[in-house]
Amino acid sequence: MKRRLKDSMYRWFYVLPTVVLVFFIFIVPIIYEVWLSFQAKPVGGEPVFAGLYNYQRLLSSETFYKTVANTIIYSFSSVFVKALIGLGAALLLNEKFWGRGFLRGFSILPWAFPSFVCAVLFWFNYDYRGTFNTLLKALGLQPVHWLSYNNAMLSVVILNIWHGWPFFFMGYLAGLQAIPVDLYEAADIDGATALQKFRHITLPMLKPVILTVVLLSLMWTMGEFTQIYMTTGGGPIDATLTIPIQTYKIAFQTEVNMPLAAAYSILVLPIYLALIYFTLRQMGE
Amino acid sequence: MPTRQNLYKRIVIVFGSTLLLLWIIVPSFWAFKTSLSPHEEAWKPLPSRMTLDHYISLFSPTYEAILRGQGLRATIPDPMIIYISNSFIVSLVASILGVFFGSLAGYSLARFNYPGKRFVVWLVLFAYVFPVFTLMVPITLIIRAIGLYNSLIGLALVHLAYTLPYSTLMMRSYFYGIPVSLEEAALIDGCTRFEALWRIVVPVAVPGFVTAFIFSFTLSWNDLLFALILLNTSKYYTLPIATTFFLFGGEIVDPGGLAATAIFAGIVPAVIYMFVQKYVVVGLIKGAVKM
């Protein structure tokens, strides 16, 4: 009896610090941010209550819609390609061959590099004298201004793909290894082709992993700040201005307007909350 | 005797592996090469000789190296070691605190049932997937209000937003994998709950701690956003901020120094990852993906 009472105290004692910290790092700021978003800051003055002023301002500005569109283009195209490359690499490295172990370890390299390191690597690639243009010239093609208005979005997407695909690869590989071998053996006996086995065994068995990994990566990519900030800074003009960059700019760079940035965050939060909802549901809790 | 299908398979494997290797190596090659090239040859595809000067310069910059950086780097001629140690301090504090509290919570969530547990799990999962950048404004104001603005400790505490939910989920799934019978046996032998935890569970969970620690460490090591908004003095800057010193108007002013900084900052986590690759995979997939 005494032990049972002690136990129930321990249980709470163990989770309490985490609950308190999560409360102060997430819940309190969210509430504070909502309150802040109804304030307005006159130039050089103290913030005053202003109702929906910030929201009206944002909703009537073209930049708002541009940032949402940019974020969606950026994250969806990037995640789509990452998912494909990851699948290809996982299928390849699930086969037995000499050097597989090395290649599996080596494939994690881009993902093991921090975001800002990947951004620096790509500075050298996107520079006019850098890797990509040197390769283009070697192939007899015209060099490209990689970070110009028309190419900037493609360039930040390539950078994100290069950095993020190993996460898909690792997830898929673990998923592939969990598929029972006898399923394939039975299919062999029935005379199934490789394509049929892929469509009717591999894909359905991988489906839960694919969904979870895609959703998680979508969340992270939609929140990517470092790579874009360090390569294009959201520019040129607004070519790569995504939600995280714009939040930072409103709060600390162009406007230095905290209430407006708060309203902006609250306004875009539903996009993320929808994704969070699907992600949590997929994670099966 | 190779059948035709086996031949196709081989071709696909060789072709695929080559493609994969190129895809990883080509984009990372230039920075690596530049970090080992003499300054004059920074933009040559292949250097005529190799040098470690840029790496040595990280720790004690030469006069020439300072002059070369016409950007911010020249006005802040601290050796990079200052920023490297700042990054180390922040990442260490954030990951140790995160893993400590995270494993306590993870243990409780994996082992016990009590009212409110579901809520805690939801809270942690929510924190894990929540886009923290949306909170940059209130977090900045709160950190300023409690007097932790422009301090490494303040930054480390905010980094708990990354490390704590991850560690909790990771350790929970790890503790799930350790049979309860181990502890029960210890309890029957007269251990207290705490002794059973400390003597039996903790040693078995070491790989879990290692994974949670390494991943947390890199989460914090990676962060540019909160370092940018919470630090104000160059002596407190972390590595991600310091790398931007090498740019001026979008131009790289000291390619060798920049490349050496980036390779140094990347090689630390990369080498650790390769060693613990298996744990990382298990940790991430189990922590994040329910299979």
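FYI, residue positions are counted from 1 along the chain as it appears here.
Including glycine, each Cβ sits where the backbone N, Cα and C put it.
The transmembrane segment annotation in TrEMBL covers B:12-32, B:80-107, B:119-146, B:152-175, B:196-218, B:224-249, B:256-276. Positions annotated as domain 'ABC transmembrane type-1' by TrEMBL: B:84-276.
For the transmembrane segment (B:224-249), same-chain residues at least 6 beyond its ends with a Cβ under 8 Å from one of its own Cβ atoms are 69-73, 76, 78, 80, 82-84, 86-87, 90, 133, 136, 139-140, 143, 149-152, 154-155, 158-159, 255, 257-258, 261-262, 265.
Ranked by the number of CB pairs under 8 Å to the transmembrane segment (B:12-32), the listed stretches B:80-107, B:119-146, B:152-175, B:196-218, B:256-276 are led by B:256-276.
Ranked by number of Cβ pairs under 8 Å to the transmembrane segment (B:80-107), the listed stretches B:119-146, B:152-175, B:196-218, B:256-276 are led by B:152-175.
Same-chain residues lying 6+ beyond the ends of the transmembrane segment (B:196-218) with a Cβ under 8 Å from its Cβ atoms: 91-92, 94-96, 98-99, 102-103, 107, 162-163, 166-167, 170-171, 174-175, 178, 182-183, 186-187, 269, 272-273, 276, 279-280, 282-284.
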